[in-house]
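Visitor: One structure, pasted below without further comment.
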Amino acid sequence: MKWQWQVLGAVCGGALLLGTGILLGHFAVPQAGDLDEKLIQDFMGQVESARIRENLRVLASRPHLATTPGDKALVQLLRQRWQDPQTGLDGVAEGTYDVFLSFPDPTHPNSVSICPPVLNGSRLFEARRSEKVLTPDQAQEDVVPPYAAYAPSGSPQGRLVYAHQGTRSDYETLVGLGLDLNGTIAIVRYGGAGRATKAVVGAEFGVAGLVVYTDPKDINDGRAGENDTYPNSWHLPPSGVERGSYTESFGDLLTPYYPAKEFTYRIKESEIQGIPPIPTQPIGFEDARTLICSLAGPEAPAAWQGALGCTYCIGPGFRMDGQFPSSSEVQVSVYNQRVIEKSANVMGFIRGSQEPDRYVLYGNHRDSWVHGAVDPGSGTAVMLEITRVLGKMLKEGTWRPRRSIIFGSWGAEEFGLIGSTEYTEEFSSKLQARSVAYINVDISVFANATLRGQGTPPAQSVIFTAAKQVPAPGSGTGSVYDNWRHHTNRSSPTYGVIPSLGSLGAGSDYASFIHYLGITSMDLAYTYDRSQTSARIYPAYHTAFDTFDYTDRFIDPGFTSHQAVARTAGNVLLRLADSLVLPLNVSDYGEALEGLYSVAAEGQVQADLAAHNISLAPLKAAINRFKAVATDFNQRLMKLKEESSPNPLEVRMVNDQIMLLERAFLDPRAFPSKYYYSHVLWTPRAAGVPTFPGLAEAHAARDWDAIRKHLSIATQAVESAASTLETPA
């Protein structure tokens, strides 16, 4: 009853964490006992693939774009599930934010068309305004037409040019070939650069409007015919259009670093950076074929050729012998509307028994561009099954975690990770002080070949431990870990051949947790076999074909991969919530630091630094000190674990050191031009050299003073991390 009143207080006060009543005075750890392995096995045994399938069928039954009626219906579904008398959690709360979004005008549809030489209002060609309906579960009226979110309104018209992926080097190539891009319309394909970057950089070169498409070479392994695509296979149909948020940053665009509440100051729309300055519209590759295969001009470079069934030329304009007059122009008409709408996060809570002021967070976004069966329905379906089993154990009185668990269903993720970012902004101090780790399961299953794990180095050990206990789906034997190591592995100087744990960029809701708050984070999903496909992501991504039928038939028939992800993620969650000593290995950061350093210490980078009298010695010394301190720390942990009755305050102390290690790598002044990016090691880098991001970008710019600065920043961060692990005096 006390906990229910605390949740009620949290709702009334607008707080989405655990209420003020449990924030102080709960510092005791148990006198004896630790993680219950039998309980973990019991949890995994109760995870049912059939229930996950049914969850997804319900979740993907209608489109649920952020803040639309479909999204609001899912808010109520989550509340209902988490308040269920038999399988519910301790509490549920809903937090809303007034967020800046972008939608197409329903009365003025966006279009891409070819105009005749004489402007008389007619059109020689117009791209499809919606995708073909190929299966019954697509047939809803509230499917949002394809559009580029945050692209400005306008109707520029000009000669068409093909600019490959719209990277800076691509536009520079066109200029180098003698093309004048001023006033042109560029058509580019997805990949190579972020969506918004294609437009931002294009505008710098004078491009007036942008058309974006998905090339079948990049998503379908070259298959482009209707018989080779959905519903006959998992490949993207010719009419499929990838929607998306065209912004280079994340979070609410008008309220950077502050939660988007009614009282919050908002910058002017004109001050927003990193959104398209020119009208932009995505189209399907069947329409892109009509445009690109009609282009005049020189043949595009070999690396620019695709799978549309013709030789790609760069333009400008159309061929003399083509189906359109050579003087015809392309017009991009965009009528998007920018609005402020209320978007909700739904938070579920399980109170910890011994350390309720320590939080293990688990999240997945809820909104989708259309039906979103894979993205994000697969992740939400898994989260609902995990909470069902844990809620049942909770209600039956067989389990209560040592630490508190917070589940987050984030709103408006597709518009730029908005819900999770606003949450971390609103509760930044509390989350930084008390969060153990964040587990993200967005798309839980891209395909059914192998696990894809991403995370910061301390998360590696707990993910590996969990993956070893989960049977791999399919007819073969072995664990998820074994299968993962078979598909994607690396040679570790410490462990030998192990699965490759990827690093975290900013592709999902973990971004603000790791980059802004420095909370150990991880992302788990099942994915495809890279030796079998070159697809950059699953083919129906962000299209109207991402439906339950698509998932049920082609992504994971039988939902055994969904089940494996649920078991793995739930296993990790229980270990983080219940272990006496946090199962995060700080020594694994030493190996990661050595890897980043070795790239800088070899090859051209080292030679350039030496030529400018710049030494890496202080950084190397700091890394060596970190590794030595981490070794001493782990020895102290081993002795502590061997004690029959460990000192509760000493347990609390080492857990805090483990928890706060990630924060030591934050430097809010390291990247002043990059919103939210404070992590010295994992900030995404534009430069291709895989070393410390600040050093990599400064070296790419040949800015030797900046190199000295970022070497100081990296050295200080490593020294700070080492001091975090030292035995207190």
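Using the three backbone atoms N, Cα and C, a Cβ is placed for every residue, glycine included.
TrEMBL feature annotations, pasted as is:
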DOMAIN    157-244  domain 'PA'
DOMAIN    345-552  domain 'Peptidase M28'
DOMAIN    614-726  domain 'Transferrin receptor-like dimerisation'
Visitor: Can you work out the mean pLDDT of the predicted model over the domain 'PA' (157-244)?
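Guide: Computed over the domain 'PA' (157-244), the mean pLDDT is 97 on the 0 to 100 scale.
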Visitor: Could you count the residues of the domain 'Transferrin receptor-like dimerisation' (614-726) that DSSP puts in helix, in strand and in coil?
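Guide: Counts, helix then strand then coil: 74 helix, 2 strand, 37 coil.
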Visitor: What are the helix, strand and coil residue counts for the domain 'PA' (157-244) according to DSSP?
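Guide: Within the domain 'PA' (157-244) the tally stands at 26 helix, 18 strand, 44 coil.
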